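These come from TrEMBL:
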| type | residues | note |
| --- | --- | --- |
| ACT_SITE | A:Tyr104 | active site |
| ACT_SITE | A:Asp145 | active site, proton donor/acceptor |
| ACT_SITE | A:His246 | active site, proton acceptor |
| BINDING | A:Asn7, A:Glu34, A:Asp145, A:Asn147, A:Asp245, A:His246 | Mg(2+) binding site |
| DOMAIN | A:4-246 | domain 'Endonuclease/exonuclease/phosphatase' |
| SITE | A:Asn147 | site 'Transition state stabilizer' |
| SITE | A:Asp216 | site 'Important for catalytic activity' |
| SITE | A:His246 | site 'Interaction with DNA substrate' |
Amino acid sequence: MKIASWNVNSLKVRLPHLQQWLADAAPDVVALQETKLEDSKFPVDEIAALGYRSVYSGQKTYNGVAILARGEITEVVTDIPGLDDPQRRILAGTVGGVRVVNLYVVNGKAVGDEKYAYKLDWLARVRDFLAEEIVRYPKLVVLGDFNICPDDRDVYDPVAWGEDILCSPPERAGLAAITALGLADSFRLFEAEAGHFSWWDYRQAAFRRNMGLRIDLILISDALKSLATSSVIDRTPRTWERPSDHTPVALELAL
DNA sequence: ATGGTCGAATGTCGA
């Protein structure tokens, strides 16, 4: 089973890339972020034509998450229980016995900004939700755009970046509180080296210069760790014409 | 030193 995550930065603009990538990479499940589409405008038919079912929780202009899968997607959840949040940033579903939780974590703008406070609170709420999910669903995958670099290996210039947004200690602590539930950063099960990124700014020719960050993560529970056979970043779509600023990441499970 | 690029929208914000 191949499970992927991709922040498409507008599904309307990126639909051709998604169609191409589904055909090339043939994932069983894909979590999308920043679809920026109202549910009534989700391209269900175009995606069905490629053999995928869709569930989605969208909003106009901002945010929006979706899960596409070859199999049936059940037990869908679109909100953190108890959190009244109009921003569409979380979507959970069960596919082939695996619980998939798709996250579009708050960016936060800058350390100290009110959006930063919202980010830290949102992360804490997600942690509490996942603490319940992992009990109910031992085979748990939590993936998406985390908007946090796990450590300095995930930053092109960690000295220059310092403790700014996406790398501040409270953000990393928020992520650590989630991994401490028993959720491993699957990419690091296979690759220890620095310099592997999933996002590059559109400005300053950042992709060409590999000035990127690894902020798109696939976390897996202990029950799935022994089944993981690879976890990679697929840079190819970032080389295409008019790309998303993020490129897909993908996990292979022996399931 | 400061702004640089996209997307959605058509001002300007969010990333």
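Glycine is treated like the rest: Cβ placed from N, Cα and C.
It should be emphasised that the depicted structure is a prediction, and the values quoted were computed from it without experimental measurement.
On the structure: features taken from TrEMBL.
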{"residue": "A:Asn7", "record": "Mg(2+) binding site", "Cβ within 10 Å": "25"}
{"residue": "A:Glu34", "record": "Mg(2+) binding site", "Cβ within 10 Å": "22"}
{"residue": "A:Tyr104", "record": "active site", "Cβ within 10 Å": "26"}
{"residue": "A:Asp145", "record": "active site, proton donor/acceptor", "Cβ within 10 Å": "27"}
{"residue": "A:Asn147", "record": "Mg(2+) binding site", "Cβ within 10 Å": "23"}
{"residue": "A:Asp216", "record": "site 'Important for catalytic activity'", "Cβ within 10 Å": "25"}
{"residue": "A:Asp245", "record": "Mg(2+) binding site", "Cβ within 10 Å": "18"}
{"residue": "A:His246", "record": "active site, proton acceptor", "Cβ within 10 Å": "26"}
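The two recorded residues, A:His246 (active site, proton acceptor) and A:Asp145 (active site, proton donor/acceptor), show a Cα separation of 9 Å. Considering only the recorded positions A:Tyr104, A:Asp145, A:Asp216, the residues lying within 10 A of A:Glu34 (Mg(2+) binding site) on a C-alpha to C-alpha basis are A:Tyr104, A:Asp145.
On a Cα basis, A:Asp216 (site 'Important for catalytic activity') lies 4 Å away from the residue listed as 'active site, proton donor/acceptor'. A:Asn7 (Mg(2+) binding site) sits 8 Å from A:Asp216 (site 'Important for catalytic activity'), taking the C-alpha atoms as the reference points.
Taking CA atoms as the reference points, A:Asp245 (Mg(2+) binding site) and A:Asp216 (site 'Important for catalytic activity') are 11 Å apart. Between the CA atoms of A:Asn147 (Mg(2+) binding site) and A:Asp216 (site 'Important for catalytic activity') there is a gap of 7 Å. A Cα-Cα distance of 9 Å separates A:Asp216 (site 'Important for catalytic activity') from A:Tyr104 (active site).
Within 8 Å of the centroid of the Cβ atoms of A:Asn7, A:Glu34, A:Asp145, A:Asn147, A:Asp245, A:His246, where the record puts Mg(2+), the same chain has further Cβ atoms from A:Asn9, A:Gln33, A:Tyr104, A:Trp199, A:Ile215, A:Asp216, A:Ser244.
Averaged across the domain 'Endonuclease/exonuclease/phosphatase' (A:4-246), pLDDT in this predicted model comes to 98.
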